[in-house]
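Step one of this worksheet: look at the structure below.
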Amino acid sequence: MRLPTKEEIQRYWVNEGNKLILVILYTLGNIAAFVYTFVHYYNSPAFEVVGYGVCFARGCAQLLKLNCALILVPVLRNLLSFLRGTFLNNYVPFDKNIVFHKLIAWVICFATFGHVMAHFNNFRLYQDITPQEYKRILGIDYPNLTPIKYAFATLAGWTGHVVCIVMVLMYTSAVESIRRPMFEGFWYTHHLFVVFFGLLVVHGLHSILEPTSFWKWVIGPCALYIVERLIRLLRSKKTTMLIQARIHPSRVIEVRMKTERFKYKPGQYLFLNCPTIAQNEWHPFTITSAPEEDFVSCHINVVGNWTGKLSTLLNPDKKMGIVQENVLKSPDGKPILRIDGPFGAASEEVFKYKQVILVGAGIGVTPFASILKHIKYQMARTYNTTPLIDKVHFYWICRDRNSFEWFSGLIGELEMENHNNFLEIHPYLTGALSAQEIRDVMYGDEEKDLITGFTTPTQFGRPKWDEIFADHALRYAEKDVGVFFCGPKLLSKSLYKASTHYTKTTTCRFHYNKENF
């Protein structure tokens, strides 16, 4: 078997290095915690009582402590946004925070299962041990109970079963097919983690093996979480004015807002709340305005329950174009909108590269709107100076031709002001055209494309990523290219695969980044 060369390792490291290190450290930490505890109890008097059952139960309990201490960290969005601005951003994959949060949750799930199964076995063995043997081996007085009483009549027993019920509620509501249509239910059940942590604190109060220590593991992360919530609460109290709501084709609402002291970077996102719809329901949306503009905007795709209600609230007459202006309060007197943020995202990293590939699928184009606007303003302010990015390849994939109208004005301006040809636009239409539209395209002779209104012609069908990446790999040999994507998972897999493949097989290094919030 051939070992990989130094160059192959370096190329693998481009997209996998920091993730691999984090997973290795996390795995080693879990193994060390389990093995240390297992060996400790193997050499303790308790092993004489119930054997390997106590070793396995306590090892799983140690995994629970470690992972419960970690699970809040990936959702501390303000902390992660701050850390993005430090040297740690070069080593820690902050964009994978939700993936890591889910990984920790699964480890907690399996550790809980192992802990419960081991103790069910231990309960069976406890009944065969007399109080005298407890006294002789462990030096304590302990009653002889039936397995049922151990499981349900002791503090550790009944709290453990309630913890399992809470976990079932939290885990099932987090399944995507349930979370998306019933987000508020997910929000409330996920906050049962407070009950979960509280029960685990008291779970070990009557332990005969060691003093309870769960609280020592979680007090730090819980303190950070409280600070996080206080920051978000204070920010959400700031007055937000809806200065304009505009209805675009293909069920997209553009909301432009003004609020106090809201500084952000291109590519970041915010959380939006409409108290009239749901007091505690916050949804993430990419910021589509640029920092140079005197408002903050989001483009919202009307696809779910909450966005549907927002559409009805802002556009009761089902009109197109501008439907609301300068609104502070909803008809019920509550604030029309509340903002929390901004928060860091993958697209923030775009200015680290001199050559970038931006891929937006449908409404996934939103983070790149902010970036392209920012570049436009920078070019206008610093004409003929060194640009922020040497070359931008912008791929916009839409199923519906009307979707191109969302940012047609911006794209048109960029095409006209395309200094040094820094921007290449590649619009793709994947949906079918009507017979009339086909005739217009075939026989039209306008200077602008009849589908998009851009000067760049529309391509039909899906992009051929292998050909595209092969071309870029030749064009940017020995260079680093940032690849940024926002859109569906299936397309993300294709782009990630292409980025990894052409990084390994050519001299170009494609750094893949995906929006994930």
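Yeah, the Cβs are placed from backbone N, Cα and C, and that goes for glycine too.
Every protein chain shown contributes to the tally, and the Cβ of His115 (heme binding site) ends up with 21 other Cβ atoms within 10 Å. Marked as heme binding site by Swiss-Prot: His101, His115, His190, His203.
Within 10 Å of the Cβ of Ser289 (FAD binding site) there are 21 other Cβ atoms, across all protein chains. Mapped onto three states, the DSSP output places Ser289 (FAD binding site) in coil. Taken from Swiss-Prot, the feature FAD binding site applies to His283, Pro284, Phe285, Thr286, Ile287, Thr288, Ser289.
Positions annotated as domain 'Ferric oxidoreductase' by Swiss-Prot: 58-201.
Summarising the annotation, Swiss-Prot assigns domain 'FAD-binding FR-type' to 229-349 and lists sequence analysis as the type of evidence.
According to Swiss-Prot, the feature topological domain 'Cytoplasmic' maps to 1-19 (among others), an assignment based on sequence analysis.
What Swiss-Prot lists as topological domain 'Extracellular' is 41-62 (among others), and the listing cites sequence analysis.
The feature topological domain 'Cytoplasmic' is assigned by Swiss-Prot to 84-97 (among others). Counting residue by residue with DSSP, the topological domain 'Cytoplasmic' (84-97) contains 9 helix, 0 strand, 5 coil.
Residues or ranges marked as topological domain 'Extracellular' in Swiss-Prot: 119-149 (among others). The average pLDDT computed over the topological domain 'Extracellular' (119-149) stands at 65.
Sequence annotations record features per position, and here Swiss-Prot assigns topological domain 'Cytoplasmic' to 171-184 (among others) based on sequence analysis. Same-chain neighbours of the topological domain 'Cytoplasmic' (171-184): 105, 109, 190, 278, 280-281, 283, 304-306, counting only residues six or more beyond its ends whose CB sits under 8 Å from a CB of the stretch.
The annotation topological domain 'Cytoplasmic' is assigned in Swiss-Prot to 228-517 (among others).
According to Swiss-Prot, the transmembrane segment annotation covers 20-40 (among others), on the basis of sequence analysis.
As annotated by Swiss-Prot, transmembrane segment applies to 63-83 (among others).
Sequence-distant contacts of the transmembrane segment (98-118) (same chain, at least 6 residues past either end, Cβ-Cβ under 8 Å): 22, 26, 30, 53-54, 56-57, 59-61, 63-64, 67-68, 70-71, 74-75, 160, 163-164, 167, 171, 174, 516-517. Under the heading transmembrane segment, Swiss-Prot lists 98-118 (among others), citing sequence analysis as support.
Per Swiss-Prot, transmembrane segment is recorded for 150-170 (among others), and the stated evidence type is sequence analysis.
Taken from Swiss-Prot, the feature transmembrane segment applies to 185-205 (among others). Sequence-distant contacts of the transmembrane segment (185-205) (same chain, six or more residues past either end, CB-CB distance under 8 Å): 64, 68, 155-156, 159-160, 162-163, 166-167, 169-170, 173-174, 178-179, 211-215, 218, 222, 280-282.
Residues or ranges marked as transmembrane segment by Swiss-Prot on the basis of sequence analysis: 207-227 (among others).
Long-range Cβ contacts of the transmembrane segment (207-227) within its own chain (Cβ-Cβ under 8 Å, at least 6 residues beyond either end) map to 41, 44, 46, 54, 58, 64-66, 68-73, 75-76, 79, 138, 140, 142, 156, 197, 200-201. Tertiary neighbourhood of the transmembrane segment (150-170): same-chain residues 108-109, 112, 115-116, 119-120, 123, 126-127, 189-190, 192-193, 195-196, 199-200, 202-207, selected by CB-CB distance under 8 Å and a gap of 6+ residues from either end. Same-chain residues lying 6 or more positions outside the topological domain 'Cytoplasmic' (84-97) and placing a CB less than 8 Å from one of its CB atoms are 18-19, 21-22, 74-75, 344-346, 348, 513-514, 516. The secondary structure of His283 (FAD binding site), as reduced to three states from DSSP, is extended strand. Taking Cβ-Cβ distances under 8 Å and a sequence separation of 6 or more, the neighbours of Ile287 (FAD binding site) in its chain are Tyr264, Pro266, Gly267, Gln268, Tyr269, Leu270, Val296, Ser297, Cys298, Gly341, Pro342, Pro367, Ser370.
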